[in-house]
Amino acid sequence: MRIGFGYDVHRLVEGRPLILGGVQVPHDRGLAGHSDADVLLHAVADALLGAAALGDLGAHFPDTDAKWKDADSQALLRRVVERVQHAGYAPHNVDATVLLERPKLRPHVDEMRTNIARALSFPRDAVSVKATTTEGIGFVGREEGVAAQAACTIQSA
């Protein structure tokens, strides 16, 4: 059994959708990024890559490569899973937290869990997604950006 940890941050900007866990969440701003900027899925992908000692998301899908422009992070996560499996491992579980002041994510968490479980090809009850604020502190508290953290376990296939 191996453990991985992932972290991602993107700025909130006008004119982009807010996509978290593969769900378009209604909000007046979205996340800036080369891909769809889904911080939750990026953190999960980095956790999986880290657990398998395969580097980070940027090494596999560089923001300098035009083919990843506006990429769907669910598709990127599926590719990460393929690479983890090719290295001889299978995802076992994921625990993730999104840090943002608003909007509230509770109405969307079940769909996020389903999307992550589908990408990882395992049961939804092996995926935990939580959301919290930073009580007005820091860049998240000032609503300048959104952060996500994820931990995962993988096991030999």
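One-based numbering along the chain as shown.
Here the Cβ of each residue, glycine as well, is placed from N, Cα and C on the backbone.
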* Structure fact -> Listed by Swiss-Prot with D8, H10 as binding divalent metal cation, from among H27, H34, H42, is H42
* In whole Å, note down how far the CA of H42 (divalent metal cation binding site) lies from the CA of T134 (4-CDP-2-C-methyl-D-erythritol 2-phosphate binding site). => 20
* In three-state terms from DSSP, label L57 (4-CDP-2-C-methyl-D-erythritol 2-phosphate binding site) for me. => helix
* Can you tell me how far the Cα of H10 (divalent metal cation binding site) sits from the Cα of R142 (4-CDP-2-C-methyl-D-erythritol 2-phosphate binding site), in Å? -> 13
* To do: In whole Å, note down how far the CA of D65 (4-CDP-2-C-methyl-D-erythritol 2-phosphate binding site) lies from the CA of T133 (site 'Transition state stabilizer').
  => 33
* Might you list, by sequence position, any residue in that chain lying six or more from D8 (4-CDP-2-C-methyl-D-erythritol 2-phosphate binding site) with a Cβ less than 8 Å away from its Cβ? => V39, L40, H42, A43, D46, L57, A147, A148
